[in-house]
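Following: one structure in structure tokens, then a few remarks.
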Amino acid sequence: MENETGSELNQTQLQPRAVVALEYQVVTILLVLIICGLGIVGNIMVVLVVMRTKHMRTPTNCYLVSLAVADLMVLVAAGLPNITDSIYGSWVYGYVGCLCITYLQYLGINASSCSITAFTIERYIAICHPIKAQFLCTFSRAKKIIIFVWAFTSIYCMLWFFLLDLNISTYKDAIVVSCGYKISRNYYSPIYLMDFGVFYVVPMILATVLYGFIARILFLSPIPSDPKENSNTWKNDSTHQNKNLNSKTSNRYFNSTVSSRKQVTKMLAVVVILFALLWMPYRTLVVVNSFLSSPFQENWFLLFCRICIYLNSAINPVIYNLMSQKFRAAFRKLCNCKQKPVEKPANYSVALNYSVIKESDHFSTELDDITVTDTYLSATKVSFDDTCLASEVTFSQS
């Protein structure tokens, strides 16, 4: 990604090498180290909590794992080489490194865009077509879609292997090696425009339309009431009182489920909005430079574009922690599990509500949890221990 705005063909004129300001180098190294370091740790934690926590293995979280892996690839392949470039002022990874690192950069970028598109479509089906979701929004299908996404982007990004080469610029005081193009801008500019349309414009238009439909269902449509709730005439009969209690419990559970889905949708919508905003400077620069005879390459603005990209790849775990109680609890458990002292397990009794699905592999699109309160205690209960085990069942709101 360091060659987006491009090194041109090899230069042979002996001119003094442009000196990069020291403050620019210091700011670049510090920002990239902090953002990429935190982002790498955060995305690794996302992958670990979903893989190690059974109740977190949902179709939506499966797509978030794919997004986390793609973001990791961007942070490592695009962010860290930026540090060496700032220190040495030259490409130090050789020809093979030029091909492989650039390939991984665009693979991560495009896979993250496709992962966002995938979970947007999954959310739309789950909320707007709940009957179809039982068969379409499953964990096994999500894994197949993710495999297809990575296979498609892996093949698509192979074109960079045929476009790149090492460019050597000779100056009076130094020889600078850069990872650039073996073709002129007239040939690679259409590739950038196609990339811009396929992996930015189309996903953002699709996300805008689908989240509009989702918002209409979740936030604008009236929530249907439970007809069983109107049972005041049964108060004097003990059997009818139990039915009334179960009716209220069911209605509260329904409201909790709707609230949970709203919270999940808000979180994913924030991810999409930040993706659109933080990628806009770089994508705009690419489009503008495609039509300029001399590309705009001001150092500080290029740094701003890169920092926005790194922020986009690093900020998602923070969003999950702030907006999802499940992820917050899972992150806390991952950090504290090994340090937690041995204590007597606390016993809880809660009533469980399940949706019946035909196959055990067909999970609901999110775990519809309930808050543990006295309201949900009933005659049929399940006891479990609050221990630091991977198989622990956690009840919280998304």
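First residue shown is number 1, and so on along the chain.
Backbone N, Cα and C define each Cβ position, glycine as well.
Checking the candidates CYS179, CYS305, CYS308 against Swiss-Prot, the cysteine paired with CYS98 through a disulfide bond is CYS179. Topology note: LEU218 and LYS326 share a membrane side (same topological domain name in Swiss-Prot).
Checking ASN10, ASN255 against Swiss-Prot for the annotation N-linked glycosylation site singles out ASN10.
The Cβ of CYS98 (disulfide bond) has 23 neighbouring Cβ atoms from other residues within 10 Å, across all protein chains displayed. Remote same-chain partners of the transmembrane segment (62-83), defined as residues 6 or more beyond its termini with a Cβ less than 8 Å from a stretch Cβ, comprise 1-2, 28-29, 32-33, 35-36, 39-40, 43-44, 46-47, 50-51, 93, 101, 104-105, 107-109, 111-112, 115-116, 118-119, 122, 139, 142-143, 146, 149-150, 271, 306, 309-310, 312-314, 316-317, 320. Stretch with the largest number of CB pairs closer than 8 A to the transmembrane segment (194-215), among 29-51, 100-121, 267-288, 297-319: 100-121. The largest share of C-beta pairs under 8 angstroms with the transmembrane segment (145-168) comes from 100-121, of the ranges 29-51, 100-121, 267-288.
CYS179 (disulfide bond) falls within a strand segment according to DSSP. Around the Cβ of CYS179 (disulfide bond), 22 further Cβ atoms fall within 10 Å across all displayed protein chains.
Helix, strand and coil residue tallies for the topological domain 'Cytoplasmic' (122-144), in that order: 20 helix, 0 strand, 3 coil [DSSP].
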